[in-house]
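Database features, via TrEMBL:
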TRANSMEM  49-69  transmembrane segment
DOMAIN    51-567  domain 'Major facilitator superfamily (MFS) profile'
TRANSMEM  89-109  transmembrane segment
TRANSMEM  116-133  transmembrane segment
TRANSMEM  139-157  transmembrane segment
TRANSMEM  178-199  transmembrane segment
TRANSMEM  219-236  transmembrane segment
COMPBIAS  246-264  compositional bias 'Basic and acidic residues'
REGION    246-283  region 'Disordered'
COMPBIAS  268-283  compositional bias 'Low complexity'
TRANSMEM  370-392  transmembrane segment
TRANSMEM  412-434  transmembrane segment
TRANSMEM  441-462  transmembrane segment
TRANSMEM  474-496  transmembrane segment
TRANSMEM  516-536  transmembrane segment
TRANSMEM  542-563  transmembrane segment
Amino acid sequence: MDETSNNNNNHNSGYSYREKSVQIIENNSNINNNNNEQEEIEKPKRIHIISLISVMAIGFIANVEYGIVMPSIWNYLQSVGGTNHDLGMALAGFSLAQVCFLPLIGLWADKRTMRESFCASLVIGIIGNIMYAMSVHPLMIIAGRFIAGVGSSNMALTNSYIASVSTKEQRTKYMAKVNGINAFGLVAGPAFNLAINLLNKSFWIGSVHFIFDPLRSPGWLLAILLLCCLLSFVLFKEPKEYNKQLEEEEQKEKQVTPGNEDRQPLLNNNNNNSTNNSTSGYKKSVSKYGSISAYDVEGQLIKRSPSQRDIINSNYLSATIISPHSSFSHFSSKKFSEHGTGHASLLINSGGAVVYSEEKESFWSNLKKILNSSLITCFVINFVQNFVFGALETLITPITQEQYNFGTLQNSLMYSIVSVEIIIFIFATVIASGKGIQDKFIVFFGQLFLGGGLIILLIFFGGQASEKVALWKFALGVAITTVGIPTQNTSVYSLYSKLLNRVFGDNADQGFQTGFMMLMGSAARILGPLWAGYGLELSSRFPLFIVFISLWVFDIFITLLFFKKLTFITDPTKPSTTSFAGGH
């Protein structure tokens with residue numbers, strides 16, 4: 001009887017011990033060199049330069065496309081009998097294709113590989129631009145722009161790639177660099193137009209007539225650039241494979257570092273003492289230290305190498321458990337890195353071993369997360385800025401032709417000046433971010449300039465369409481409005497990516513979620529040009545600009561309403577929002 005009672009007491013004390021040891025470890029974030037793990041988490045990542053250049057080239061070409069197509073597409077449409085409505089349809093069709101295929105391309109990259117989705121989209125882009133170059137009817141131009149839009153859906157992967165190969169602290173810097181390259185493409189596009197204006201050649205191959213003139217050459221040039229970019233992806237490295245390679249190199253460096261000779265192997269197949277150690281197990285820092293830290297009954301810190309019972313499944317090797325006072329973001333386990341959107345559960349079995357399980361989240365659960373108020377705010381910001389920008393780029397060439405008799409060359413020069421302004425404010429955004437200014441404040445700054453420019457355009461161009469307006473008034477309105485585009489665009493994607501880490505977890509793939517963000521922008525790029533094409537037919541342009549102002553007011557209202565939630569804590573000493581369910 002007494003022996004049974006003692007056994008029960010010992011059994012209960014084992015559970016009490018485990019409760020006590022877990023509680024002690026949760027309340028002490030500095031045990032067992034935890035600060036060193038935090039430094040490892042926030043350590044800047046090395047990036048494969050050739051892959052980064054290939055990805056940046058996609059954005060560069062996309063903006064070269066913008067810089068050479070936009071100044072000439074209106075004249076191109078007129079040359080084949082097109083109207084203002086055809087202009088709106090051509091620009092909206094490009095964005096419609098993005099809306100349809102952005103999430104699919106992102107999902108493809110998440111399920112398969114980025115290389116596949118990049119290469120397939122580049123091939124489609126080449127086909128679309130060849131069709132655009134050989135158009136003899138407005139419908140062919142519209143179809144060519146639609147197919148080219150399908151190819152440009154890979155822009156979602158650009159942001160996803162940056163998110164996969166950088167830390168949160170690096171992300172704004174690299175996204176700003178991507179936007180800088182994109183802006184350089186805007187400048188290069190009109191510069192290419194200057195050379196294209198000198199072309200006037202044509203020849204026949206069989207019954208096919210190939211024409212190289214200022215209106216059709218943009219399509220040929222883009223097809224060649226996309227082909228070169230496609231060839232560069234032969235050397236592209238997948239982020240997951242490259243990150244795994246870096247981890248292996250780091251492990252090798254640690255093994256040869258002096259002072260590491262006494263560290264135990266991660267998995268000791270000869271250790272059969274799991275029964276004796278059944279009440280001493282709280283698994284801590286397995287991947288880094290190769291041992292288990294726990295407390296004995298007297299509360300003394302002890303260490304031992306993990307037994308086979310502790311390591312439940314070899315797929316969970318290299319998992320790092322960090323105390324609640326640091327970030328729960330670092331899981332190098334293959335299971336967690338591939339399926340980071342689930343909840344990780346920590347369980348202690350009857351033998352004292354730690355068991356990891358992951359609960360896969362349903363589609364509706366992920367959808368509910370995307371409908372988070374902070375993410376919705378980013379959607380609204382992105383939609384409004386793209387709606388306004390898409391409408392303005394549709395309005396500019398017809399208005400400058402109507403008001404100031406601008407041709408393709410003059411419009412190219414105007415786009416070059418605008419692109420230089422965009423580059424200046426992208427660098428200003430980088431500097432502001434480097435000084436520690438939060439993304440949300442930079443976004444708000446851009447919103448104020450966007451609204452100011454729209455008000456000026458409403459005052460000067462809100463009257464009758466036939467009313468003449470001085471060139472300086474047009475330049476002033478466009479210049480102020482343009483300030484709001486790069487400042488918002490650079491920072492809102494950086495902010496969105498960080499908020500995704502908070503909502504979905506640091507190791508979650510972002511292709512699908514980034515596709516949703518870009519879907520908002522593409523939807524705006526459909527509606528904006530269509531509204532502008534309709535507005536160009538109105539005798540009074542007051543309704544045209546009052547819609548822009550109304551959207552901007554709504555944008556500001558939503559931003560201010562959820563302004564406090566547009567913050568992501570990157571300080572590793574502060575707790576992450578990711579939670580664990582624990583039990584015994």
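Cβ atoms are placed via backbone N, Cα and C, with glycine included.
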Overall pLDDT of the domain 'Major facilitator superfamily (MFS) profile' (51-567), taken as the mean:
75
Look at every Cβ pair spanning the transmembrane segment (116-133) and the transmembrane segment (542-563), keep those 6 or more apart in sequence, and say whether at least 3 of them are under 8 Å.
no
Which of 412-434, 441-462, 474-496 shares the most C-beta pairs under 8 angstroms with the transmembrane segment (370-392)?
474-496
Under 8 Å, at least 3 Cβ pairs, sequence separation 6 or more: does that hold for the transmembrane segment (139-157) versus the transmembrane segment (178-199)?
no
For the transmembrane segment (89-109) and the transmembrane segment (474-496), check the count of CB pairs under 8 Å (sequence separation 6 or more) and say whether it reaches 3 or more.
no
Counting Cβ pairs under 8 Å to the transmembrane segment (412-434), which of 49-69, 178-199, 441-462, 516-536, 542-563 comes out on top?
178-199
Highest-contact recorded stretch vs the transmembrane segment (516-536), from 178-199, 474-496, 542-563, CB pairs under 8 Å:
542-563
Cβ pairs under 8 Å only, please: of the recorded stretches 49-69, 178-199, 219-236, 441-462, which one is richest in them relative to the transmembrane segment (474-496)?
441-462
Give residue numbers and ranges for long-range contacts of the transmembrane segment (49-69): same chain, 6 or more residues beyond its ends, CB-CB under 8 A.
118, 122, 129, 148, 152, 154-155, 157-158, 161-162, 165, 177-179, 181-190, 192-193, 196, 218, 221-222, 225-226, 229, 232-233, 235-237, 242, 412, 415-416, 419
